[in-house]
Structures are given as structure tokens and as C-alpha cells.
Amino acid sequence: MPSTLYQDYPPDLTQGEEEYLLSNLKDWCIAHGIAVRPPPSFVSKGQDPSGVLATTAPVTLFPSLFPRSCFDEAHAIQTTYNELYAAIARDEEWLYGIVKELVGIDDFTAKLWEVHEAVKKEGYVQVGLAGPTYRIEFLRYQALTLGLFRSDYMVHLDPSDSNASPEIKQVEFNTIASSFGGLSGEVSQLHNVLSKIRAYPQSAKRIITKSNMPVSESASNLAAGLAAAHHAYGEPQISRETCVLFIVQDPERNVFDQRHLEWNLQKQDIRTFRLPFHRTLIDTRLDFKRKLVYTPPHAPATAYEVTTVYFRAGYSPDDYPTPEAWAARLHLERSNAIKCPSILTQLAGCKKVQQVLATPNSLHLERFLGTKEKIDRVRATFAPIYPLDSSEAGLEAKKLATEPETAQRYVLKPQREGGGNNIYRMAIPKFLKSEPEENWPAYILMEMIEPPAQKNAIFRNGEVQKGGVICELGIYGACLWRNELEGSGTKSEVLKNTQAGYLLRTKGDQSEEGGVAAGFGAIDSVCLV
Ligand code: ADP
Ligand code: MG
Ligand code: MG
């Protein structure tokens with residue numbers, strides 16, 4: 001990676017050029033649904049009484065430079081990552097070994113586990129598929145599970161070696177509500193269009209070329225995952241129509257991202273509905289075979305059998321303000337619908353699992369992945385991560401985290417999703433001082449990945465912000481698997497396992513968080529170098 005390339009990019013725009021680029025960008029974004037609803041504060045002031053307003057989602061003006069070798073490797077290993085997390089989600093015993101460390105100190109994880117336990121005790125349900133008579137089987141496992149995953153990376157360049165090649169290091173692995181797959185493809189199209197209409201200066205034409213700007217196919221690929229689950233569900237009760245149910249937050253600003261997936265499903269004649277999580281117990285019921293039946297409030301005469309429940313809510317404690325919310329989660333988990341994800345799959349994505357997998361000299365990857373090649377390639381993406389417990393590594397990590405000089409190389413993460421939950425660098429020692437030491441094992445300590453410096457411009461809330469940026473690449477994965485009883489154990493079959501497109505998110509280099517929805521980052525696309 002010649003560093004001058006990074007220094008000279010992106011090309012400067014004259015005022016006229018910037019105006020031309022922005023006028024195209026703004027219209028293209030709205031016309032193609034790269035949009036978000038206004039913030040609740042805006043709505044509560046009565047400024048959008050009919051709920052019709054939307055604004056451009058934060059996007060970058062230019063595609064960011066990204067090493068081609070890193071991009072290719074991240075794609076190449078995604079199916080192995082899918083395989084790994086599907087295997088973890090199936091290995092209840094191994095997962096419990098991790099969850100039990102958290103149960104006394106992390107209420108949210110404990111509650112999720114309780115839901116799983118309650119359903120297991122009763123037996124997961126699977127209605128016998130073919131045949132005139134229905135047979136209900138009670139299983140120890142969910143029969144079919146869908147994972148729509150996203151593995152996130154940053155580029156790491158060894159600062160002590162000027163000849164080092166860039167490598168990807170994993171930030172985290174998401175197993176629930178992995179967002180922006182709907183908008184990402186549109187943003188990569190946007191940058192391609194801006195290049196085509198020569199909104200970028202001619203000085204950059206050798207870098208910003210079509211062959212360097214792959215379009216992300218994430219919306220159609222994620223929808224294909226949902227469609228595969230929908231079709232694998234089997235036959236509905238005669239006379240019932242079927243649907244895929246999106247469980248959503250309410251209000252949801254990022255609705256268009258989700259709509260892109262719905263529209264892709266509708267093209268395939270699959271019905272989709274959006275169900276605010278808090279309405280679950282009002283609008284759905286379980287029939288005597290524990291099939292999930294959804295009655296749309298706008299058309300109460302038609303009941304739909306839900307084949308697949310797709311969670312875009314339910315990942316954060318804020319989604320469970322009342323005991324009814326937990327009852328709703330239990331209700332969905334008990335149902336015969338395919339869950340994306342199941343509780344076990346959600347828990348497989350907790351930060352603690354990532355830390356345990358990254359334990360040096362451990363054999364966890366060997367447990368889940370067949371070949372040495374797969375294991376080595378996955379392991380090569382791990383950044384150092386430590387527990388904060390009483391193990392030898394944990395005691396060492398506690399020292400690192402409590403001294404300001406060493407703490408500044410780390411990020412402290414609780415078992416949470418959705419952005420805005422981490423504690424960074426110098427803030428870690430003070431934070432830990434305020435937290436009783438018996439709670440520290442609920443966190444993991446991770447070395448900060450320091451990607452190469454580069455610049456870009458972000459269009460956010462109608463303003464252009466220029467400066468140093470940090471990019472995070474996400475690779476989506478779609479994985480559908482079936483568990484079957486075999487003798488006293490179970491066997492499993494992976495029905496679908498694909499890489500499902502990419503997301504590039506870019507944030508100002510002064511910001512520690514990168515979440516677009518949380519208000520820190522922008523959606524970007526890659527310009528491969
Ligand atoms: P969440 O599940 O809330 O998205 P993440 O682990 O992705 O949690 O952390 C949120 C953000 O913090 C990331 O998008 C990234 O910008 C930053 N971050 C997290 N871990 C690291 C790391 N090891 N190095 C650099 N930045 C990190
Ligand atoms: Mg993240
Ligand atoms: Mg996450």
C-alpha cells in the first residue's frame with residue numbers, strides 16, 4: 001500500500017464540483033431509499049405530524065480506499081465463520097460453559113438463557129411435515145434455525161514493520177439484527193453512479209474505476225436467506241397463508257434499510273409484515289400445534305402462519321422494558337416458526353464467546369471447524385482479547401486495564417449490541433474503579449485495532465464533514481441449518497451457507513464508536529487498492 005496514495009486521496013473538489021456532486025448525491029439517496037426517518041425529538045415537537053418526512057442517511061462522498069487482499073480474504077472466510085457460529089449455536093453445553101460465567105453478573109444474558117431453558121424444558125416443537133395427519137415432536141433443539149450474520153473487521157498494519165502487508169482483524173461478530181444490508185448495496189451503486197457521471201475529479205479516474213468498486217449484493221442475498229428459511233419451513237396448515245414476520249423497534253428510524261429486504265422478498269411473492277416487538281402478544285398467537293399465527297391489525301379477517309421470525313429488535317435490554325416483553329420473547333421462541341436468530345444463536349454472538357475463541361493455545365476452533373486451513377485462516381483474524389476474571393490471563397488483563405499508560409491501547413466491552421456501550425482507552429481505569437470487581441468478568445478487554453490513516457468527506461444532516469476517517473468492513477453471511485434427533489444425540493445438516501455481500505462504515509477518526517444508527521458513522525463503499 002503506497003502511503004502517498006492514502007495521503008492524496010480523496011481528490012480535492014472545487015466549490016462548483018462539490019455542489020454538482022452533492023446535488024446528485026442528495027437526489028440519488030432519497031430516490032433509492034438511502035434514507036432514515038427524522039429523530040424522535042423532531043417528531044415530538046410536532047414537526048412531522050403525518051409521519052411522512054425522511055432524510056438522507058449519513059453517507060460518504062467518496063468510496064474509501066480499502067486493500068483488495070483484505071477485502072477478498074474477508075469474503076473468502078465468511079462461509080467458515082457461518083459454519084463456526086452455527087456450530088456454536090448448536091453446542092448448548094459449550095455455550096452454557098460461557099454463559100454461566102455471566103449469569104450472576106449480567107442480568108440480560110441471564111434472562112435470555114432463562115428463555116432458552118424454559119422452552120427446552122417444555123420441548124422445542126416441530127410439526128411433522130408431510131402427510132395427512134400432523135405429528136408434533138418435542139425436541140431438545142430448534143429444528144431449523146436461520147442466521148443472518150455480519151462479521152466486522154478493520155485493517156491492521158503492523159506499525160513496527162514498514163514492509164508489512166495489511167491484514168484484517170475482527171472487531172466483532174453479529175448474530176442478531178445485523179443492519180445496513182439493505183442500504184449498503186445502494187451506497188455502492190451511488191458511488192458507481194457518481195463516478196460514471198464524472199462527479200469525481202479526473203485526477204482520480206485511475207483509482208475510482210468500476211473494477212475497483214464492487215457493488216454489495218447484501219439486500220438480495222440477505223433476502224435470499226430469509227426466503228430459504230421460508231421455503232424450508234414446510235407446508236402450512238391448509239387454508240392458511242404464510243408470511244415472514246419482521247420484529248421491529250417502534251419507532252424505528254432505520255426503517256428503509258429493513259424495507260429493502262422486505263421488497264426483495266415481495267418480488268419473490270413472499271408476504272412480509274412488520275410487527276413492533278411490544279405488539280407481539282396482541283397480534284400473534286400460538287395455535288394448538290404451536291404454530292405462530294399473525295393477524296394484521298389492518299386486515300383482521302386474514303390470519304397468516306409465520307414461517308420465519310426475523311428479529312430487528314430484541315437485542316438490547318431497552319427492548320424489554322416490561323415483563324410482557326420477556327413473555328413475548330418466550331412466546332416467539334416456543335413457536336414452530338424458524339427464528340432468525342434463536343436465543344442460542346443470539347447468545348453465540350456475545351462478546352464473551354469471541355474472547356474465549358481468541359484464547360491463545362486453546363482448542364475451541366478445533367472443536368467446531370474441521371480443517372486446519374479453516375482454523376488457521378479464522379484465527380489469523382483475531383485481535384488479542386482478554387477476560388477480566390481470576391484466570392492468569394484475566395489477572396494480567398486487570399493490570400493492563402487499570403493503568404492509564406497501558407489502558408489507552410484497549411477497549412472495554414460489555415455483553416451488549418447496537419453501539420454506544422463500550423468504554424475506550426483512558427476512560428477504562430476510572431470506569432473500572434466505579435464498578436465492583438465481582439462484575440468485571442461481564443466485560444472483555446480488547447486491543448484497539450489501528451487502521452491506516454485516510455481521509456474522506458461525510459454527508460450527515462445536510463452538512464459535509466471532511467477529515468481523517470476510520471473504516472470498518474462488515475461481511476454478511478446467511479446460514480440455515482437443521483437439527484435432527486439421531487439415537488440419543490442429534491445430527492445437523494447445513495441447508496444453506498453463503499457469503500451475503502458487504503458493508504463499509506466510516507467514522508471520523510476522533511470518534512471512538514462507529515455505529516451509523518447510533519449517530520457516529522456513515523455508510524460507505526470500497527475503492528479497492
Ligand atoms: P457493537 O456490538 O455495539 O457494535 P462493537 O464491538 O462493534 O460493538 O464496538 C462498537 C464500535 O467500537 C466499533 O464499530 C468500532 O468502531 C469500535 N471498536 C470496537 N472494538 C474495536 C477495536 N478492537 N479496535 C478499534 N475499534 C474498535
Ligand atoms: Mg459493531
Ligand atoms: Mg454488534
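Just so it is clear, glycine is given a Cβ too, placed from its N, Cα and C backbone atoms.
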Given TrEMBL annotates GLU172, ASN174 as Mg(2+)-binding, which of GLU405, GLU417, GLU435, GLU437 belongs to that site as well?
GLU417
Please list residues from the chain of GLU417 (Mg(2+) binding site) whose Cβ is under 8 angstroms from its Cβ, counting only those at least six apart in sequence.
ASN174, ILE176, ALA177, TYR315, SER316, GLY349
Checking the binding-site residues GLU172, ALA177, SER179: which ones have Cβ within under 6 Å of ligand 3?
GLU172
Using a Cβ cut-off of under 6 Å to any atom of ligand 2, determine which of the binding-site residues SER179, ALA313, GLU417, TYR424 qualify.
none
Spatial neighbours of GLU172 (Mg(2+) binding site), counting only the binding-site residues ARG150, GLN258, ALA313, GLY420, TYR424 and Cα distances within 10 Å:
ARG150
For the Mg(2+) site built from GLU172, ASN174, GLU417, further residues of that chain with CB within 8 A of the site's CB center:
ARG150, ASP152, PHE173, THR175, ILE176, SER178, GLY349, LYS351, GLY418
Filter the binding-site residues ARG150, SER179, TYR424, MET448 down to those with CB closer than 6 A to an atom of ligand 1; keep them in sequence order.
MET448
